[in-house]
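> Got a structure here, written out as structure tokens. Questions coming.
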Amino acid sequence: MLTMRQRVAAYIIALVAFGVLDAAIIFSFGARSYKTTLGDVLAEQPHIWPVLVFYPLFIFGLCHFAVFPALRARNRTVAASNGAIYGLCTYGTYALTCYAAIRNWSLQLALTDICGGTLIGAAVALFAYLGAARIRV
């Protein structure tokens, strides 16, 4: 049985973990990769509202498709594998659409995004599972 406390905890843990990991990636090498590849196509000041919509939406899906099934199954492998698949599909959709539609978007950037999304999906789902599984039912 999956309690509301576990659901809320998983969501909050995943949201924080995703924010931290995504920020680390963006500020370490992600911004440079995008700037090098896309140049002046990028906005000088990014719009914050899409981030504020995307993060909760992405985490809602990640919890629904990866973390909650793993908590029900009591299986961390379900969290990591479903999280990886979710990350692959979501980041793949974004990266391949950009590669198809944006002139400067490189195959290397698309593949980097897809690999990164796969890894971050698995890591965040596993982290949220491990935290929420500790809550007593």
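From the backbone N, Cα and C atoms, a Cβ is placed for every residue, glycine too.
Model, not experiment: these values are computed from the prediction.
Sequence annotations record features per position, and here TrEMBL assigns transmembrane segment to 47-71, 83-102, 108-132.
Give me the structural setting of these features: burial, nearby parts and distances.
Beyond the ends of the transmembrane segment (108-132), by six or more residues, the same chain brings 6-7, 9-11, 13-14, 17-18, 21-22, 25, 30, 33-34, 37, 59, 62-63, 66-67, 70-71, 76, 79-88, 90-92, 94-96, 98-99 to within a C-beta distance below 8 angstroms of the stretch.
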> So which residues does the transmembrane segment (83-102) touch in its own chain, when a touch means Cβ under 8 Å and the partner is 6 or more beyond its ends?
38, 41, 58, 61-62, 65-67, 109-111, 113-114, 116-126
